[in-house]
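Record features, source TrEMBL:
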| type | residues | note |
| --- | --- | --- |
| BINDING | 65, 340, 381, 382, 456 | Zn(2+) binding site |
| BINDING | 65, 176, 178, 335, 344 | Mg(2+) binding site |
| ACT_SITE | 115 | active site, phosphoserine intermediate |
C-alpha cells in the first residue's frame, strides 16, 4: 500500500483515507451509466464523421509557441476554473478538433530544438539547424556566407504566389523566430535589425530580418510588436518617448515603416501602433495593414492594457476580415508567442493565461470561417520542462499546491519545472511556500536544476486539424511534414495533385499544367466552395 506524508504533522494519508475525504464532485459521475452514456455519444460522433476532401481555399495556422501537452492540459483546467468550474472536464476549442497527431521536434543538429529551427520545419518543410531561419541545414548558425544558396521558402510565400492573401499575427515582435521563418532567410535568428548584426555578416551581404519583412514577400497583414527594429537610431518611440531602450535601433538610418507605406502607394494601407487607430481600421476597405503595438514583444495577456493594445482575439479577427476578401482565399499564421517566454521565466500562471487567450483566438477563427473551405491547424513548435505532479484533488486550483507534501515536510506546487530560475535551495532546504500566493501571475515555480532561463523540452508535440483534408494530420510525423500537408490541401507550392485529381475527374481531356494560373485557381476554388 502506498502512503504519503500530508501536512506539517507528518500524518499518513492512505488510499483508504483519500477515498473518505469529502471531495467536491458531481453525484452523477458516481453512476457508471454517466460514463457509459458519455462514451457512447462520443463513439457515435466519431463513427458519423465523414472525410472532407475539398481543396482548402483558406489555411488558418495557429502556433502555440512552447505549448507542450502539459501546458495544453493545465490551460484546459485553468480555463474551466476561471469559469468557476472544476476545470478537468472543460472542453477547450482545441479539444473539438477531430484529427490529432504527434510531431517530432528535433532539429538537424540538436535533440531539443529552438523556435527558429522548428518554424523553418513546419513553415518551409525542411528541417534545419538551431537558431537559423528560412535556410536548410547546410547553413551554419551565425555564418552569413553559409546561408547563400541554402535559402528555403515558406508556405506563406507559396500561398502568395498562388494568388492568396497572406498575413502574420503574433504576440511577440514580428521579427521573432516564428513569424520570421515565414518570410526571412537568416543564418541567425537574432539579426532583428542591422544593429544586431556583426560587421562580417553585413560585409558578406546578409541583411537583417526586419528589412526582409518588406523585401521578400508582399505580406498583406502584419500584426505584432517590434517597432524599434524598424526605425533609425535615436527615433523616439511614440508610446514610450522617455524610454531609451524603446527607441529605434537601426544604424543604416532607414525607416522601414515609412518605406512600407511608400511601397503601398495606390493601395489602402494603414500603419497603426495603438488600439484606437487599430479599431478605426475598416477591414472592408483595407488592402494592407501593419500594426506594431510595442517596441519589442507585446505585453503578456495578464498585463495588457486593453485601452492601448488589442487582444490576440481582436488581432486575429481583424486579420481574417481583411484577408478573406480575396476570392482566392488566404493563409494566416497566428502565433501565441508569449506562452514560451512565460515558461522561460518559470512563470506558469502567465504561460497558462497566454494559452487560454490563444484558445479563444482559435474559437474566433472558427467563428469567422467556413469549415468546408478552411483548413484550420493548431500545433506547438516545441515543449517546455513544466510538469503536472503530486496528487491534487479534483477541482483544486491548477496554480495551487499539492495536498501531499514532500519528505522534507514542505509543500510544493502542482506545476513545477525541470530547470529554470525557480531553483532556490538554501542550506539544503527548499523555500517554505505555505504562506506564498502561488496563483500570483509573477510567482516563479520551483525547479529541479538552476538555469537562468528554463529550457525547452524534447518530447513530441500535438497537432490538431479540422476542415479540408484534415485527416492528413494524424499519426506520428516529422515536423517538416506539416508544411507539405497544408500545401497539398490548398494546392499551393509544388505539389498540385489534390487539385489535379479533382479537376481531372471532371475534365480528363485537359492537361492541368497547360492551364493558366488564374484558371487553375478558379477550378480549385470551385471544388472547395460547392
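Just so it is clear, glycine is given a Cβ too, placed from its N, Cα and C backbone atoms.
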How big is the Cα-to-Cα gap, in Å, between residue 176 (Mg(2+) binding site) and residue 115 (active site, phosphoserine intermediate)?
9
In sequence order, what residues of the same chain, 6+ apart, have a Cβ less than 8 Å from the Cβ of residue 382 (Zn(2+) binding site)?
66, 68, 105, 112, 113, 114, 115, 118, 456, 457, 458, 461
Whole-number Å distance separating the Cα atoms of residue 178 (Mg(2+) binding site) and residue 65 (Zn(2+) binding site) is 8
Far apart in sequence but close in space: which same-chain residues, 6 or more away, have a Cβ under 8 Å from residue 65 (Zn(2+) binding site)?
115, 172, 178, 335, 336, 337, 338, 339, 340, 341, 380, 381
What is the set of residues, excluding 65, 176, 178, 335, 344, whose C-beta falls within 8 angstroms of the centroid of the C-beta atoms at the Mg(2+) site?
63, 66, 115, 170, 171, 172, 177, 337, 338, 339, 340, 341, 381
Around the C-beta of residue 381 (Zn(2+) binding site), how many further C-beta atoms are within 10 angstroms, looking at every protein chain?
31
For residue 178 (Mg(2+) binding site), list the number of other Cβ atoms lying within 10 Å of its Cβ atom.
27
Around residue 344 (Mg(2+) binding site), which residues of its chain at least 6 apart sit with Cβ under 8 Å of its Cβ?
66, 384, 420, 453, 454
State which of the following recorded positions has the fewest other Cβ atoms within 10 Å around its Cβ: 115, 176, 335, 340, 456.
456
